[in-house]
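For 51, 52, 53, 54, 110, 115, 116, 117, 121, the entry in TrEMBL reads substrate binding site. Positions annotated as NADP(+) binding site by TrEMBL: 190, 191, 192, 193, 194, 195. According to TrEMBL, the domain 'Quinate/shikimate 5-dehydrogenase/glutamyl-tRNA reductase' annotation covers 172-307. Taken from TrEMBL, the feature region 'Disordered' covers 425-447. What TrEMBL lists as site 'Important for activity' is 100.
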């Protein structure tokens, strides 16, 4: 555990634009076995979280250079220059990393504070890491703690009670532009959770009809049926766009699927009636050049912030309560982390005393020539009890002090040097032999 710590490196909607986020997204190469951030060397445990609004790498690392190694691996995985990534990256270490993770899990760092999707995304990322044996004791404990913190925040505060989703914000933006939506139809491109939420909000706002285009037609049919809509073949997407006024796209494509030349042809068929596009995918589904066309209004995920900020203002008081919970739970986890640092010293101290007990017992039994097994049993019990009593005070002292972050580490170091715990006990045999006259002298005389 020496020099081993928790690291969290990332970028999000606060530090990087959607252009930067899509450039460094790891959604298409997050599998750990692909070598994004391989376990080995200075990296002992790792998990990658990549969503439309953030990319974060959580790791347990050892030694110097952990942060620079992670950032370098990240840039390499995306085939990008390190200098293009570093200005947008935040770096957390130790309890700062723990607190940031708890904040993210509790949806306090989301674009939409209180939205539930991030917790599911975090669980999926953790499952992925576990599947590839990339997590061990520390990250396993940390992630399970993060899930329980998120549950506590949702249970004990109202931070999620009026939360909007990205999909809600997208539909709200459409409503502001179109007003009464009863005269308009919408196309959902993609049939995942975002699309399902968008369909719910569109129906709640009286949309005339919903079309669904998905690469897997059967999944598109399922979603369309759920909302009394119509599924269209993905291969026929541009012919179908002629029918709709509002397009919300949220696929997992690795590059743009809609380009200006495609929409130019659609507009001709529509006789230039306006089209409203909302791209909530990262990487983006719709080429930004589409926005240069007349009668086309294109918004991406960063354009939803105004809607989201209005919602956030209503929940600041509850968010503050949630942050207090995160702070409490971070301190609790910190105590557990420090107990890990303490445990090897306690184990070594007990092992040293047990070795001394065995050595002195053997010496006593040799002097007590002819002593039976009962005598050995009594002597062992006495020596073990003495060793336990001797260890009690230093161990109790260390346990009290380990909660003091800096002082705890200092006292561990002093204890290890005082009891010579970093040397092989065998090295002390010569020293102990010079103290033989102190061992069992009385027992020998009585014999």
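Quick reminder: no glycine exception, Cβ is built from N, Cα and C everywhere.
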Between residue 192 (NADP(+) binding site) and residue 121 (substrate binding site), how many Å separate their Cα atoms?
13
Using Cα coordinates, what distance in whole Å links residue 195 (NADP(+) binding site) and residue 51 (substrate binding site)?
15
Round to the nearest Å and give the CA-to-CA distance linking residue 121 (substrate binding site) with residue 191 (NADP(+) binding site).
17
Please report the Cα separation of residue 110 (substrate binding site) and residue 194 (NADP(+) binding site) in Å, rounded to an integer.
15
Rounded to the nearest angstrom, how far is the Cα of residue 194 (NADP(+) binding site) from the Cα of residue 53 (substrate binding site)?
13
For residue 191 (NADP(+) binding site), what residues in its own chain, 6 or more apart in sequence, show a Cβ-Cβ distance under 8 Å?
212, 214, 216, 219, 220, 222, 223
Give the residue from the binding-site residues 116, 190, 192 that has the most other Cβ atoms within 10 Å of its Cβ, counting over every protein chain displayed.
190
